[in-house]
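J.: If you scroll down you'll find the structure; I have some questions about it.
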């Protein structure tokens, strides 16, 4: 087939650029219609004219092809493309064959002259695009969907059968045209009735000037056959790349697409008589929505009505409103296409679901939540310039089973087991208005515009400008009290209303000018910011800001009474108890700064009022749990009180009220999961993984020595002390932790399913080897960016199949030692699973560079707890044998430490831990 001519609307560039652009485009092999022109004068042999569609007029340029001829077919293609982009709701299947072109001829009696051949079009003509009478009503109704695999964060339902889309990721298909959602099993049954509302754009906006978009499409557009190889969308859709319609979105050229039912079947069904539905009461075993009102069918059984012919589901109250459009039982090749049919239909796939190379920003954009395999994308991109593949061959290829070279596992993500907690807007203004005050250092009463947010009180010069007089951070407020007699009050001055006490100054706020026995003279209005009522509202607002996370329904007042209401006790890590201490007097909690959430509570950022030290405060709502579980709520505190190790997060203290428990811990930089997802490839290099895993194992060794099993080990619970490339890590979240002896077993439900060992999932007894399984999963997800197991298959079967556990992408880049360690940790039989010390002795972790990195970390933090002095001579000898440089400062450090009694004591303690574990 000859190279088609280029169709481009003119753009305001220089004539020289026009010739260069046109020549370059003409030299591109296999290039299709390039929608945007090189500007200025038309190239030799080119014809510039206008296409008019209704009230819209677009300039285009028709160039000669390689044979020197013009093609009317490409004028039609350009017209279809303009219709699709400017009037997507008006396009339909087969538009190309159902349009006529007329040339405006003012000199003729019949102004519109039918264009039969391309030579009828002259320079500067106005060509009218008219819909042929052969376009039937059925043509307008047939609009195929553009279906792509999609991952949902919120519960979603199939718009065909009404049932919920199940799974963690890739639960179903979303149409790019209309945004509807479907099961994969329903894709072959849904009618081709896409509305295309998501693709619509204003029809009065000219396409001229969008050169970057249209030019880009020219690079990808080839001679498009009548039946596209991928999902058959309306004619204009298949002639352009996705980047044309969705600027800035991820290209879907290599994503998995699904084809709906044959268009011929839709034409056949159009001729069928539509009759009323035959509804019968139905009991649903899965969550299902009414297909009329799109609301959930509630109840345990007999939730709604279902048509016994077409399986349409609805509420009883909605049945009278449902249109009489039942087509009965629709079958093709003996397969029932009604929504309720559960038959497994083989899908036609446009390309492989290549997702072993994960994007670090998984599902950040809900509309573009697909992930692609980079290697396969490059391979397909190289073959894209070649000749078109045989459609039948592609169809046979698409029906094959998934290749072991690609991973079908769940991509790594943050697993939340509790109610979804949204992050509140930062610095939200809680109250603002005029207020007066004086201080313990300056008795002159001043008036400012106060603005209270979640972190501070700002005293502005006026209510509109940005200049301010002073900031009072809430974390520095030590006390908020009603007014007391003060020697600083000037003689004869009106008293203040309440006091704000900080470490350096006391603010006397408000002016109590109105006494109960008198009223303002001449009934005059008080100046803004003056009066007891205004001051009282400010006092309450500040009290709420000081203790922002309070139980629902509890009232917060000021003064000593409120302290007695919400204060019970404080339990410090040294087990001392102080009665009637309010957490808001010691710490400021920032409700905007949500650090994390789990099954037992939410973690907020906070600050110690006197020292200004940053802390993390976990708030546990006791009202969410039955009385029997209250002991479990204190489990984390009880364990952390007895743990003092650099690899475990430090517990500062614990407060408790009748409704809540406040656990105050040291605040760290972030977590390991964030580090994995934010890395360049969505996974960590081996040397960083070794560095982190060694620290985790050392902390676990200390826990197991104390007979403590974490039971919920995952990257979210491994915190980073800094933003360094090689940070110190600490274990946190001991809410599931258990005291388990060396040979003891427990059966209680613990942990996060994605990281749990099989014995827990099967309700069998477990021991401390449970944590070692979790370490194996952490190593796997760190190196690959995916979870090791597919949710649809048995774990034991998947472990036996190495081809699916370790697909070449990315495991061909990872050492065999790492895979060997993972295999020894992911052992279904507990007795075969590696222990902590055996894991630390594995060749993958016995690495010289890792040892050096860990020693540098210990030097940086000033404490040696990861490596041991007994290994120094071994690694120094290894460096000499391999010709590697051994850091001189480590030699001097090891010599000085070996002579100290503290070093001997630490050595004996570490030795006793190892012996106890072994």
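Backbone N, Cα and C atoms are what each Cβ position is placed from, and that goes for glycine too.
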J.: Which residue among 206, 283, 486, 815 does Swiss-Prot mark as phosphoserine?
T.: 206
J.: Between the candidate ranges 313-337, 338-362, 413-437, 438-462, where does Swiss-Prot place the region 'Disordered' annotation?
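T.: The listed stretch tagged region 'Disordered' in Swiss-Prot is 338-362.
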J.: Test of record reading: of 195, 383, 748, which one does Swiss-Prot tag as phosphoserine?
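T.: Going through 195, 383, 748 one by one, Swiss-Prot flags 748 as phosphoserine.
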J.: Measure from the Cα of residue 755 (phosphotyrosine) to the Cα of every one of the recorded positions 454, 469, 712, then give the nearest.
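T.: Considering only the listed recorded positions, the nearest one is 712.
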J.: Using DSSP with the three-state reduction, classify residue 454 (phosphoserine) as helix, strand or coil.
T.: coil
J.: Tell me the coarse DSSP state (helix, strand, coil) of residue 755 (phosphotyrosine).
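T.: In the DSSP reduction, residue 755 (phosphotyrosine) maps to helix.
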J.: Give the distance between the Cα atoms of residue 712 (active site, proton acceptor) and residue 454 (phosphoserine), rounded to the nearest whole Å.
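T.: That separation, Cα to Cα, works out to 33 Å.
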J.: What mean pLDDT does the predicted model reach across the domain 'Protein kinase' (589-845)?
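T.: Overall, the domain 'Protein kinase' (589-845) comes to a mean pLDDT of 84.
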J.: Using only C-alpha positions, which one of 438, 454, 469, 508 is spatially nearest residue 597 (ATP binding site)? These are the modified residues in the record.
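T.: Ranked by Cα distance from residue 597 (ATP binding site), first place goes to 454.
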J.: Of all the recorded positions given, namely 454, 469, 601, 603, which is spatially nearest to residue 438 (phosphotyrosine) at the Cα level?
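T.: Closest by Cα: 469.
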J.: Name the residue among the recorded positions 454, 469, 508, 601 whose Cβ has the smallest number of other Cβ atoms within 10 Å.
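T.: Checked 454, 469, 508, 601; of these recorded positions, fewest Cβ neighbours within 10 Å: 469.
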J.: Please identify, from the binding-site residues 595, 603, the residue with the sparsest Cβ neighbourhood, meaning fewest other Cβ atoms within 10 angstroms.
T.: 595
J.: Within 10 Å of each Cβ, count the other Cβ atoms and name the one among the modified residues 438, 755 with the highest count.
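T.: Going through 438, 755 one by one, the largest Cβ count within 10 Å is at 755.
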J.: How big is the Cα-to-Cα gap, in Å, between residue 595 (ATP binding site) and residue 454 (phosphoserine)?
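T.: Taking the Cα atoms only, residue 595 (ATP binding site) lies 16 Å from residue 454 (phosphoserine).
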